[in-house]
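In what follows, a single structure is set out as structure tokens and then discussed.
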Amino acid sequence: MMSRQAFLCSLGSLYLSLLFIFLLMDVYARPANNSLLKEKPAEGKEENEILPPDHLNGVKMEMDGHLNKEFHQEVFLGKEMEEFEEDSEPRRNRRKLMVIFSKVDINNDKKISAKEMQRWIMEKTDEHFQEAVEENKMHFRAVDPDGDGHVSWDEYKIKFLASKGFNEKEIAEKIKNNEELKIDEETQEVLDNLKDRWYQADNPPPDLVLNEQEFLSFLHPEHSRGMLHFMVQEIIRDLDQDGDKKLTLSEFISLPVGTVENQQAQDIDDDWVRDRRKEFQEVIDANHDGIVTMEELEEYMDPMNEHNALNEARQMIAVADENQNHHLELEEILKYSEYFTGSKLMDYARNVHEEF
């Protein structure tokens, strides 16, 4: 018969073995490309109010060079995007989608043309613009506590460092007295990049002081042609490996560099490369010469480009156009609801004509 001590030792060994297995499973379950899995920042942090966001609604590419996976939903749903949640009741989502269809179908012929979809895309993009303007007013007040309508680089720098955990009064005093700030290398690098962006948003004559409109360009470069150009420069700088200020297909699909640890990570890498190759070849490289110039990337990134909106409309129609009539019927949109809304509708065709 096993002694109590032997039993406890055996139980301890079993526990350690199980712990090791769980840890091993956790490691191998992680995708290789951690940069694809972005942590959402904590809500309510002041840093969120003053740091330019990486994700810009209605823009095809993130500011870090990743493709915007929610772009089609953003330009189809606009403000209603949050209403289409994964756990929403399918019947309710179907009805909301039918209402949207009727709004896009302005000539009431029960089908959506590319021109109708283009108009809708431009309208939803403008919605995102207006939303950013309203948010900017709140964010500007956070960095302009005295309400004089202007924020200097030093004022912004103090607020930013305070949001990173530095003592605001001490930082303000040191900056006022031109004393050296003891800042870690990573934070200093972020500050340097932000200062470059601040310079670009500062309209002539440059004074390193931004008003509310300039601050909007700082946070949302899609609102300014000059800032859009600067954003493209940053993206090309990050992806361009040979320094020619152009992008080849191999350069465009080489980010991020990761080590494939398991099949799940391999699948993520493969999907990521496939999506970027398709976007490069079919959309961004306008003249199909295998090279993307800054001008081509800037046209691609411009959310208010009507030609791009028409191309997007045609692509969106092609995804669901099962009868190949170059239009979208209600049944087609309902069937491909996950592409347009992120929400998969079950029994999409049931009672369609009774409800609509």
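The backbone N, Cα and C atoms fix where each Cβ goes, glycine too.
Nobody curates TrEMBL annotations by hand; they come from automatic prediction.
For reference, TrEMBL has these:
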- 1-29: signal peptide (SIGNAL)
- 92-127: domain 'EF-hand' (DOMAIN)
- 131-166: domain 'EF-hand' (DOMAIN)
- 227-262: domain 'EF-hand' (DOMAIN)
- 282-307: domain 'EF-hand' (DOMAIN)
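Averaged across the domain 'EF-hand' (282-307), pLDDT in this predicted model comes to 94. With DSSP states grouped into helix (H, G, I), strand (E, B) and coil, the domain 'EF-hand' (131-166) comes out at 24 helix, 2 strand, 10 coil.
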